[in-house]
Amino acid sequence: MLIHPNFDPIAIHLGPLAVRWYGLMYLVAFIAAIVVGRLRLRLPYVAAQGWTVKDIDDMLFYGVLGTILGGRLGYVLFYKASFYFAHPLDIFKVWEGGMSFHGGFLGVTLAMVLFAYQRKRSWLQVTDFVAPMVPTGLAAGRLGNFINGELWGRVTDPSSPWAMLFPGAAPDDAAWLTAHPQLAAQWHLNEVFAQYHMLPRHPSELYEIALEGVALFFVLIFFSRKPKPMGAISAVFLIGYGLARFTVEFAREPDDFLGLLAMGLSMGQWLSLPMILVGIGLLVWSYRRARHEPAQAVSVN
């Protein structure tokens, strides 16, 4: 079994100031997006759209605002609405944690709509350009989660080579043993708990880095290396992220204040299903439009 390194959440101490790893990952995500965006400017069809370095900088400014505002509001509405409605001032305590990818996605989408309107560009042309820049940021965010030892996975067989002990999960592990006696006996988890006072879990943050970050990045980079019908790159992102998140959620521990919802699915899975369906619909629409209106549909217009 592996043991979580239990990193110090503070990455850098600057006198009275403390820079946390998770905050540092936002900076890493921002820089990575700039690098990927500038590399994409070298593609002939992207250059033909008239994108500039200033466009990337301005777009990321909108994107950061959309991510923070949407991510926070999404967490408030999707995950802990009753608590925040009772304590509305706590909504502004972002330093205490609580961000939602799906909320951040909606926030970024609205931000890109505004950016497209101001630049008089097609909204889908903007999202097609942005989509390959996103996975590196997702990977950085999940790395921040792993360093913090949070958002760990579900309990698993200790014989699994990837099973990991998370100290932060220890307070919940005794209750898990009581609630799942048969599985505990099958996996000999009582013995493990007696020795470590913790239970082995999936390092689901690392799974998300691999699928939502690395794999999705290469899929989008490969798919977008040549011109595609407008909306197709955005569609592949929606489908790819939705499938990756839906899959990883089977190994990720559900939020304790929500648990599993209808059909035994988590909130993350229910929020990912619409992304997959919309992505499939958008992909079909974009290729049909390209076939019937080739002069208007290709992403280089």
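Each residue, glycine too, has its Cβ placed from N, Cα and C.
Keep in mind that what you see is a predicted model, and the values were worked out from it rather than measured.
The transmembrane segment annotation in Swiss-Prot covers 17-37 (among others). Residues 7, 9-11, 56-57, 59-60, 63-64, 129, 132-134, 136-138, 140-141, 143-145, 147-148 of the same chain, all 6+ positions outside the transmembrane segment (17-37), place their C-beta atoms under 8 angstroms from a C-beta of that stretch.
With a threshold of 8 Å between CB atoms, the same-chain residues lying at least 6 positions outside the transmembrane segment (59-79) that come near it are 30, 33-34, 37, 91, 94, 98-112, 114-115, 126, 129-130, 255, 257-258, 267, 271. The transmembrane segment annotation in Swiss-Prot covers 59-79 (among others).
According to Swiss-Prot, the feature transmembrane segment maps to 97-117 (among others), an assignment based on sequence analysis.
Taking Cβ pairs closer than 8 Å, the transmembrane segment (230-250) reaches residues 101, 122, 124-125, 127-128, 131-132, 134, 138, 204, 207-208, 211-212, 215-216, 219-220, 223-224, 265-266, 268-269, 272-273, 275-276, 278-280, 282-283, 285-287, 289-290, 297-299, 301 in its own chain, all 6 or more past its ends. Summarising the annotation, Swiss-Prot assigns transmembrane segment to 230-250 (among others).
Taken from Swiss-Prot, the feature transmembrane segment covers 265-285 (among others), and the record attributes it to sequence analysis.
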(message) Six or more residues beyond either end and a Cβ under 8 Å away: which residues meet both conditions relative to the transmembrane segment (97-117)?
(response) 58-59, 62-63, 65-80, 123, 125-127, 130, 138, 141, 150, 245, 268, 271-272, 275
